[in-house]
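K.L.:
For A:274-343, the entry in TrEMBL reads domain 'Large ribosomal subunit protein uL4 C-terminal'. TrEMBL lists A:49-68 with the feature region 'Disordered'.
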C-alpha cells in the first residue's frame with residue numbers, strides 16, 4: 001500500500017471541509033511494538049530523582065563484638081548497660097535496628113541514554129500505530145462514532161481560549177465518550193503512593209497535537225485525560241503511554257501538514273531532523289499468509305514431499321514361515337522333507 | 001500501513017483491552033465478535049473483512065465491515081435487517097456474504113440460530129410468569145452494611161433512651177398509681193431526684209439542731225470524711241482504725257455513686273423507710289434493684305462494723321431532713337424514729 005490516501009479535514013463542528021491532505025509518510029512507517037516498548041522503558045527512567053538511604057543508617061552505634069567464649073553469637077553488640085538496648089545485636093542487616101542489606105546509594109545509574117535514531121524510530125512507529133483504528137480501539141479508546149482516523153481538525157481549534165469551546169468541540173466530534181471514560185475511571189491508587197502525592201489514578205483520553213504555538217493548551221488542559229503536544233516536540237511517553245501503541249490523536253491541520261517536513265518521505269529526507277530517513281520495514285507486504293497462498297508462490301514452489309515413514313514391523317521367523325524361508329532358503333527343503341516323513 | 005497480520009500480532013502477544021483471560025481460555029469482550037473467543041479468525045479488530053449477527057429488541061441484524069471503510073469508524077459497520085423467519089434470514093446471510101470466508105458465513109448462521117433459540121426461550125419464560133428476579137448479593141456491600149448497622153445500634157443507645165423516656169413519664173405522672181415497682185428501684189430513682197434537690201436545699205433550711213452544742217468524740221481519722229462536704233460522687237477511703245484489712249464496700253442504700261459518708265443511723269433510717277414503703281406504692285423500674293441487691297449484704301456487715309466507732313456529725317441531720325422533705329413530695333410519708341437506731345432489724349424482701 002504505497003499509494004497514499006487523502007485525509008479529510010473536519011471543522012470544529014465536525015463537518016467535513018473541502019480540504020484534504022495527503023497522508024504523511026510517517027503513517028506508513030513500520031509498526032514495531034517491541035521497539036516502542038523498549039524505548040519507552042528507557043526514556044521513562046530519565047525523569048527519576050535519586051533516592052537513597054542515609055549513609056550512617058544503622059551504623060551509628062559503637063557496638064563491638066563480644067568475641068568467642070561468651071555463649072552468644074559473634075555479631076557486634078551494643079556497649080554499656082542500664083537499658084534494654086545494651087547487649088543487643090547491632091550493625092547487621094539481620095539485626096533489629098541495623099543497616100539494611102546493600103544500602104541504597106545515590107550513585108545508582110538512574111538515567112539511560114538512548115540512541116537518537118532509535119528514539120526517532122520509536123516515535124514514527126507510534127505515530128503510524130495511531131493511524132490504525134484497530135490498535136486505537138484495542139488500547140481502550142472509545143472511537144465508535146469518530147468520523148475518521150487519523151482525525152484532523154481545522155486550525156480554528158488552535159484558536160480556542162476557553163475550555164467551554166474545547167468541550168463543545170470534543171462533544172460535537174464524538175470524542176467526549178473517551179473523556180467520559182476518564183471521568184469514570186478516577187479511583188484511589190493502591191498502596192503507599194496515596195500519601196506520596198499520587199493519590200488518584202485515572203485513564204488517559206485523547207491527545208491533541210497542534211502545529212503553531214497558541215493558547216490551545218490552556219483551553220484543553222483542564223479536561224481530565226486530555227494531553228496537548230506541539231508537533232515539533234513529540235513525546236513518546238505521551239504518544240505511546242505505557243509502551244502501548246495506539247493512542248487516540250487529534251491533529252490540527254497545520255500539525256498534520258508539518259509531519260511530512262519533520263519526518264520526511266521515503267524519497268525526501270527530513271528537513272528538521274538531520275540525517276533522518278523514514279525507517280523501512282523488513283517486509284514490504286507483511287501479509288504472510290496471503291503471500292504463501294498466492295498463485296505466484298504456489299505455482300513456483302515444487303510439490304511437497306511426502307515423507308515415507310512406515311515403521312518397519314519386525315515379525316518372528318519361527319512363527320512366520322515365509323520370513324524364515326527368506327532368511328534361510330534351506331528351511332523350505334527341511335520342511336518338505338519333514339512333510340514327506342509324516343505322510344509315510 | 002494497516003495489515004491484519006501485524007495487528008493480530010500486536011493484539012495477541014501484546015495488549016488488547018477486550019481480551020479477557022480465564023484459566024484455560026481467552027475470551028473477547030468486543031461486542032462485534034462472532035464467537036466470543038479471542039482468535040485469529042474471530043477477532044473483529046484483526047480482520048478487515050468481518051461480519052456479525054446481533055439482536056436488538058428481538059430483531060436480528062447483520063453487520064458487515066470491509067477494508068475500504070476501515071478508517072472511518074462512524075460508518076464502518078453496514079447494518080442490514082434480517083427477516084423474522086429464520087430460514088429466509090439464513091438465505092439472506094448466504095446472499096450477503098457470498099464469496100466471503102467460510103468461517104464467517106458459517107458462524108453468522110450459527111449465531112442467528114442461537115439468537116432465535118434464546119428469543120423463543122425468553123418468550124416462554126415470560127409466559128410462565130416468573131415474578132422473581134434473581135439479584136446477586138454483593139458480599140462486600142452486605143458485610144459493610146451489616147457492620148454499620150451494628151455500630152448504629154450501639155450508638156443509638158436504645159436502652160438508655162427508653163429508660164430515660166419511661167422515667168420521665170413516671171415523673172410526669174402519666175402512669176398515675178397503677179404500677180407496682182420494686183422498692184429498690186424506686187429508692188434509686190428517689191435518690192437521683194434527691195441529689196438534685198440537695199444542692200438547692202442545703203443552705204435553705206434551718207434545723208432544730210442549729211445553735212445547739214453537741215459534745216463529740218475525738219476525731220481520729222476525720223480529715224478524710226468531715227472536710228469534704230459534697231462528697232456524694234467521691235469514694236472516701238475507709239477509717240484506718242477500723243478492722244485492718246477490712247475493706248468496706250461502697251455503702252449502699254441507694255446508688256453506688258451516692259455518698260458513703262452517710263451515718264449508720266441514717267442508713268438504718270433509710271432501711272426503715274424502705275421497709276415501710278414496701279407495702280405502699282413504690283413505682284420504679286426493675287433495672288436498678290440489681291445493683292442494690294448485690295451491695296446490700298456488704299453494707300449490712302459494714303453497718304455492724306461501724307456501729308462501734310461512728311459518731312454523729314452535723315452534716316447528716318441535714319440530709320435526713322431533706323430526704324424527709326423529698327419524700328413527702330412523692331406522697332409517701334415515713335416515720336422518723338431516731339432513737340430506735342441500733343435496735344432496728346433489717347428486713348429485706350427480695
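Backbone N, Cα and C atoms are what each Cβ position is placed from, and that goes for glycine too.
TrEMBL does not curate its annotations; it predicts them automatically.
If you look at the structure here, what lies around each of the features I listed?
P.N.:
In the domain 'Large ribosomal subunit protein uL4 C-terminal' (A:274-343), helix, strand and coil residues by DSSP number 32 helix, 0 strand, 38 coil.
Counting same-chain residues at least six beyond the ends of the region 'Disordered' (A:49-68), those with a Cβ under 8 angstroms from any Cβ of the stretch are 74-79, 89-91, 97-100, 103-106, 108, 110.
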K.L.:
As a test of reading the model: what is the averaged pLDDT for the domain 'Large ribosomal subunit protein uL4 C-terminal' (A:274-343)?
P.N.:
91
K.L.:
Sort the residues of the region 'Disordered' (A:49-68) into helix, strand and coil with DSSP and give the three counts.
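P.N.:
The composition, in the requested order, is 0 helix, 2 strand, 18 coil.
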